[in-house]
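Asks: The structure is given below, and queries will be raised subsequently.
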């Protein structure tokens, strides 16, 4: 055991190769010092070490396969490892006796001069991670970046021992330095994932935009449909309003036509007299101007009637009738101003009847004084109401007025209404109608006496207040006279005054009380 030499301590950053053959060669290269020795102990330790490393390698491979099967997203890691593992195929160890420091370190180097970081085709490399509790495999945590500050001299020393760049340590595959301290550039790793995320975002945005456009088109179609419906409704309402207006105009036109038929014969007679009086007042120049204007209006109206529709004709007829009515009303006002008898001439025959004929005979403009005198003589008074009427109307009024004055309102008898349908009704009918009670004479108004007595009481109360304020005795003042009310009745037994109805109840009671015999005296025992 004294001559036993332990194997140099392996560094933590040893990377196991992908192929088992390479691993076997590596292990054999590692354990050359033990095999060269002739002692059986060294050979047994070497075999144990190799078997242990083989078991460890198989376990790590199984774990990696499980991770890949459970998380398909990590296939990228296998790709990166396949790209990177061939570079570590030719691993050798410095076996010279002079370079003892190299054997003590036990560092492995690549057989080919590969750079420290892989090329651009290794962008998809993502290092493996061991299973941990509480870590989501689908959404791994963001790795922690711990950059080591290696000097250029150290790297040069490590790399110049064999002239080859150093392999990365196994700590670079640890969970604390996930992804960013690996052989692959992190910006190159993030680019495909970012592209996928951006493509997915663009796809979702495009679908949302398409949905919004479809919704907008559907809204526009709905708005157009509603606009069409509203326009149709407006057209229907406009047509209905126009139809109603036409019906109204036709009704007005028919009414005016009927009025024109009724008024036309009267107006012909009246217009003849009015035209003569009106033209006599006008000068010849004005008369010719008015005649030419009326003639032009008639010609234009005839042309309009020929070329226009029935509705336009009705409008023209309405305007013409209105103008004629205004002329008639002006003529009536002028006739009233000229004389009172003209008003009787313009009254309609339906209202006056025979009276209009009698008044029209005496209603000539030349006999205005005689007509007023005859009207005064014909007036007579009604015997019932005392109003004055014409002799022609007085008889009719007197008959109606006599009926109104003679008819009295039937008084409602509540006792008969209650007794109706009972045996008491026969008794009331046999008894006959109740005799009307004699109405009491009307009372005389005594408001002045009441007012004077009220003023006297107020003055007496004011005097009493003044005496009390001075500190005197109010009993020294003369007593106020009792208020004299002539309506009140004095009781003969107690000499008090009561209202008439109250006195009727009080006097018999007071009489019985006063006429009672005195109570018997009590004999004291």
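Backbone N, Cα and C atoms are what each Cβ position is placed from, and that goes for glycine too.
Under the heading compositional bias 'Basic and acidic residues', Swiss-Prot lists 23-34. Residues annotated as compositional bias 'Low complexity' in Swiss-Prot: 90-102, 359-373. The zinc finger annotation in Swiss-Prot covers 378-407, 487-516. For 382, 385, 397, 401, the entry in Swiss-Prot reads Zn(2+) 1 binding site. Look at Swiss-Prot and you will find 491, 494, 506, 510 tagged as Zn(2+) 2 binding site, backed by sequence analysis.
Have a look at these and tell me how they're positioned relative to everything else.
Replies: The average pLDDT the prediction assigns to the zinc finger (378-407) is 86.
In sequence order, 382, 384, 385 are the residues near residue 401 (Zn(2+) 1 binding site), counting only same-chain partners six or more apart with C-beta under 8 A. Reduced to three states, the DSSP call for residue 401 (Zn(2+) 1 binding site) is helix.
Only residues 6 or more beyond the boundaries of the zinc finger (487-516), in the same chain, are considered here, and those with a CB under 8 A from a CB of the stretch are 443, 446.
Here residue 494 (Zn(2+) 2 binding site) comes close to 510, 514: these same-chain residues lie at least six apart in sequence, with C-beta atoms under 8 angstroms from its C-beta.
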Asks: Taking only same-chain residues 6+ apart in sequence, whose CB is under 8 Å from that of residue 491 (Zn(2+) 2 binding site), what do you get?
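Replies: The answer is 497, 498, 503, 506, 507, 510.
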Asks: Could you give the number of helix, strand and coil residues in the zinc finger (378-407) as assigned by DSSP?
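Replies: DSSP composition of the zinc finger (378-407): 17 helix, 6 strand, 7 coil.
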Asks: Taking the Cβ of residue 397 (Zn(2+) 1 binding site) as reference, which residues of that chain separated by at least 6 in sequence fall under 8 Å from it?
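Replies: Spatial neighbours, sequence-distant, of residue 397 (Zn(2+) 1 binding site): 382, 389.
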Asks: Given the binding-site residues 382, 385, 510, which one's Cβ is surrounded by the fewest other Cβ atoms within 10 Å?
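Replies: Candidates: the binding-site residues 382, 385, 510. Fewest Cβ atoms within 10 Å: 385.
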Asks: For the recorded Zn(2+) 1 site formed by 382, 385, 397, 401, which further same-chain residues have Cβ atoms within 8 Å of the site's Cβ center?
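Replies: Same chain, not in 382, 385, 397, 401, Cβ within 8 Å: 383, 384, 386, 387, 389, 394, 398, 400, 402.
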Asks: Around the Cβ of residue 506 (Zn(2+) 2 binding site), how many other Cβ atoms lie within 10 Å? Please give the count over every shown protein chain.
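Replies: Result for residue 506 (Zn(2+) 2 binding site): 17 other Cβ atoms within 10 Å.
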Asks: Other than 491, 494, 506, 510, which residues of the chain come within 8 Å of the Zn(2+) 2 site, judged by Cβ distance to the Cβ centroid of those residues?
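Replies: Nearby residues not in the site list: 492, 493, 496, 498, 503, 507, 509, 511.
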